[in-house]
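Down below is the structure, laid out as structure tokens.
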């Protein structure tokens, strides 16, 4: 398993990218706050903090902004894996450069706590553990996480060497806490061996935690992949049904258009038929009126004829009476 494991783009979930951005945004705010804190320490206390410490903090801040920019820019592209790899590389460099800052804090740790080893050890242990686990939503390989632990342990050993051999800026510690590690090399060695034991215990504990997170993340990834496949199938089904509906709509439009044309032609034919029948009815009405007029005229003629016949009968009877 390599130091940096590149995940495939399709396995990088949106939740992982959001977790990474959350950690990076937090770090982007913490580094300026650390600069303000160190400036206050330098102004108030006699600690010989070099101005290069602020340069290192500036480097941390700029590289964090760079990782933020790249992840935001490539989070919806296959290049998101490259952005996360850059973030991991910058994190490893940050662990190493942290020694430069710790070098100037050794007098303060010794003055306040008698030694800097314990604080530095726990700082590196939990800093690297939280950083590797959270920077990419627990998507880092176990090899990368273990590498960060080993690198952190190496840095703690360097600090132990500096403190034991007095490689640190000059300071004026209090008499009752000064020189414990310088004057007692055997207890110092025992302490360092104890730190190594605590390191492996902490590493195992953190490995179990991140392993559980990794398994949960894998299950979430599997469910997400299943949902993606189901969504794809649903989209295909919806597409098929949409095409079928469009085809049915086209056929129905053709049928409706044909039926409309038939009804229009039938309506035009019915209109012509109604006009023809209306004309026939008017013609028959005219014939009936003409027949009625003829019938009335005939009846009047008959009445006149009857009157004429009656008159002629009367004249005939009158004539017959005269001849007798």
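The backbone N, Cα and C atoms fix where each Cβ goes, glycine too.
Under the heading coiled coil, TrEMBL lists 213-322.
The transmembrane segment annotation in TrEMBL covers 28-45 (among others). With a threshold of 8 Å between CB atoms, the same-chain residues lying at least 6 positions outside the transmembrane segment (28-45) that come near it are 53-54, 57-58, 60-61, 64-65, 68, 108.
Below 8 angstroms of C-beta separation, residues 17, 20-21, 24-25, 27-28, 31-32, 34-35, 38-39, 80, 82-84, 86-87, 90, 93-94, 97, 100-101, 104 of the same chain, each at least six residues beyond the ends of the transmembrane segment (51-71), sit close to that stretch. Here TrEMBL flags 51-71 (among others) as transmembrane segment.
Residues annotated as transmembrane segment in TrEMBL: 83-103 (among others).
For 148-168 (among others), the entry in TrEMBL reads transmembrane segment.
For 188-205 (among others), the entry in TrEMBL reads transmembrane segment.
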Segment confidence, the coiled coil (213-322), expressed as mean pLDDT: 79
